[in-house]
Amino acid sequence: MSLELQEHCSLKPYNTFGIDVRARLLAHARDEADVREALALARERGLPLLVIGGGSNLLLTRDVEALVLRMASQGRRIVSDAADSVLVEAEAGEAWDPFVQWSLERGLAGLENLSLIPGTVGAAPMQNIGAYGVELKDVFDSLTALDRQDGTLREFDRQACRFGYRDSLFKQEPDRWLILRVRLRLTRRERLHLDYGPVRQRLEEEGIASPTARDVSRVICAIRREKLPDPAVLGNAGSFFKNPLVDATQAERLRQAFPDLVGYPQADGRLKLAAGWLIDKGGWKGFRDGPVGVHAQQALVLVNHGGATGAQVRALAERIQEDVRRRFGVELEPEPNLY
């Protein structure tokens with residue numbers, strides 16, 4: 001057996017909340033053969049399979065009576081380079097931000113707004129990760145996934161992935177598809193997205209009138225470091241709640257009641273509300289209850305001050321959801337996967 005395997009192993013090093021639960025089995029998959037071996041082992045032992053990447057979009061609320069498969073495959077390359085259009089590929093276990101920086105170092109634009117997002121390449125399509133006006137689907141070409149039902153490989157183009165807001169086919173069917181590698185369509189001709197106010201403002205403050213993709217990446221990294229705590233210092237999973245969408249009627253009703261409402265109009269007429277603003281209106285920013293709390297600089301971020309359980313984090317999240325529901329009539333949906 002070439003598969004690296006640990007029994008009754010703590011998952012604290014493998015989730016950014018730093019929750020100390022144990023896995024019945026933990027396997028580290030470095031290639032497709034390891035993945036297939038892990039699937040066979042899980043079937044042999046009658047264990048469910050939980051696939052993780054960087055553990056940055058995960059809240060563990062109990063011990064995991066399963067085989068936890070950590071995707072650790074490495075590799076990134078340029079597949080084709082045709083003038084303006086460059087196809088790049090990365091293995092699922094590649095850390096996301098180093099992959100972004102690798103592409104920028106090669107003069108490739110398209111991922112700069114997604115800089116410093118935690119996690120792995122394989123997890124990016126599951127969530128359709130997004131930030132500062134750009135989502136993964138905007139540069140997505142295709143991916144290779146293994147069908148856990150019959151062991152076959154399948155290629156998915158953008159349409160087949162059914163991307164939505166922090167959503168995809170792979171999030172809807174987590175027990176079927178296991179992403180092995182991802183291909184993105186990047187460009188050497190920069191088409192920068194500078195709609196997000198603080199990014200444009202920071203560039204102007206630095207006197208950068210004609211920014212490059214690397215300038216945008218650097219500024220976004222700086223903004224994220226100011227707003228979001230380092231999980232190595234303070235356990236967290238980044239933004240804990242999705243920005244909720246409301247229809248035009250509800251949006252107008254909310255604007256009447258709250259003239260300072262923060263929201264972003266959508267092409268379909270709906271309004272995407274700033275979840276952080278909704279939470280902050282309830283006075284939650286900087287709140288602390290023992291080992292769990294809300295970050296002082298960003299109300300969207302729930303934090304583990306040390307020794308918190310996943311159940312304590314979930315209980316705090318539920319209190320915030322109830323407060324926002326009562327105050328605004330709006331439902332907040334957690335962004336991390338809860339186990």
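All residue numbers here begin at 1 and follow the chain in the order shown.
Note that Cβ sites are derived from N, Cα and C of the backbone, with glycine treated the same way.
Annotated in Swiss-Prot:
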{"type": "ACT_SITE", "residues": "R166", "note": "active site"}
{"type": "ACT_SITE", "residues": "S239", "note": "active site, proton donor"}
{"type": "ACT_SITE", "residues": "E335", "note": "active site"}
{"type": "DOMAIN", "residues": "18-189", "note": "domain 'FAD-binding PCMH-type'"}
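Local packing around the Cβ, expressed as the count of other Cβ atoms within 10 angstroms, is greatest for S239 among the active-site residues R166, S239, E335. Mean pLDDT of the predicted structure over the domain 'FAD-binding PCMH-type' (18-189): 97. In the three-state DSSP scheme, R166 (active site) falls into the coil class.
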